[in-house]
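Written below as structure tokens is the structure these notes are about.
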Amino acid sequence: MANSPTPTMLAFLALGLALLLSATGQASAQNCGCQSNMCCSKWGYCGTGKDYCGDGCRSGPCYGGGGGGGGGGGGGGGGGGGSGVSVESVVTEAFFNGIKNQAPNGCAGKNFYTRQSFLNAAHSYSGFARDRTNDDSKREIAAFFAHVTHETGHMCYINEINGASMDYCDKNNKQWPCQPGKKYYGRGPLQISWNYNYGPAGQNIGFDGLRDPDRVAQDPTISFKTALWFWMNNVHQVMLQGFGATIRAINGALECNGKNPGAVNARVNYYKDYCRQFGVDPGGNLYC
């Protein structure tokens, strides 16, 4: 028939459709803008679960292991995708043990926290120290371990001192309700606390944080994963504002604005020391 499309016309139509879809995909990826607890998938859409946080995840609490689309949001897991430094090359055995060896003998954490457990956890959060410049990446690693050092006493403590006697249950939080007999005191490298942190952290990592919070003090990889989960959701995005912004994100209500200058100074000194070890300037806005 005279009005039937020819093979050549069909080919041009198919090519045009492919280009349109490609452009749409790129535009949505560039403007993902997900909430902090959601992942930006390799196709540029927000959500949770392996379809969004797995292979090719661009930003957010990515599972890692991907190697898909790099760029501004985080790139692939492990050694592929994204910019920044290799975390493994910065966090050497000498650096990690240099912190831990300052803890007194007999500390529970000395036989719990290991460099390998940290690296295993870091592979699940591909945006950590991987989506910015080399110097920015080193500063982020220095900041993370400065807070870990302060929170755990050079990796001495796994559990918060006298934590079991504290009440970290927000009964008004209906999404992550406290479970009978369970305590949500500080555990792990960043001493994650409160039911509203244990619940979503466990959901993201793959354990029941509300019913089994002690898991954070029993499995060193899960322990580091909870720290990195908290970091990526609460601290990573303010890192470029300076180390002081990270203090405010972690414990600002109790330390900033002159409330505990000794704690602030300790965190800053650890950070400056680790930046020196990494050969990078610590930048400005160090205090809060």
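Yeah, the Cβs are placed from backbone N, Cα and C, and that goes for glycine too.
As the structure is a computational prediction, the values presented were derived from the model and not from experiment.
Within 10 Å of the C-beta atom of GLU151 (active site, proton donor) sit 20 other C-beta atoms, taking all shown protein chains into account. In the three-state DSSP scheme, GLU151 (active site, proton donor) falls into the helix class. If you look up Swiss-Prot, you'll see GLU151 marked as active site, proton donor.
Look at Swiss-Prot and you will find CYS32-CYS40 (among others) tagged as disulfide bond, backed by sequence analysis.
The feature disulfide bond is assigned by Swiss-Prot to CYS34-CYS46 (among others).
Marked as disulfide bond by Swiss-Prot: CYS39-CYS53 (among others).
As annotated by Swiss-Prot, disulfide bond applies to CYS57-CYS62 (among others), with the evidence given as sequence analysis.
For CYS107 (disulfide bond), the Cβ neighbour count at a 10 Å cut-off comes to 18, with all displayed protein chains included. Swiss-Prot lists CYS107-CYS156 (among others) with the feature disulfide bond.
A coil conformation is recorded for CYS178 (disulfide bond) in the three-state DSSP classification, outside any helix or strand. Annotated disulfide bond per Swiss-Prot: CYS169-CYS178 (among others), in sequence order, evidence recorded as sequence analysis.
According to Swiss-Prot, the feature disulfide bond maps to CYS256-CYS288 (among others), an assignment based on sequence analysis. Taking the Cβ of CYS256 (disulfide bond) as centre and 10 Å as the limit, one finds 20 other Cβ atoms among all the protein chains shown.
For the domain 'Chitin-binding type-1' (30-64), the model's average pLDDT works out to 58. Look at Swiss-Prot and you will find 30-64 tagged as domain 'Chitin-binding type-1', backed by sequence analysis.
Residues or ranges marked as signal peptide in Swiss-Prot: 1-29.
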Residue among disulfide-bonded residues CYS156, CYS169, CYS178, CYS288 with least C-beta crowding, 10 angstrom cut-off: CYS169
How far is it from CYS178 (disulfide bond) to CYS288 (disulfide bond), counting Cα to Cα, in Å? 32
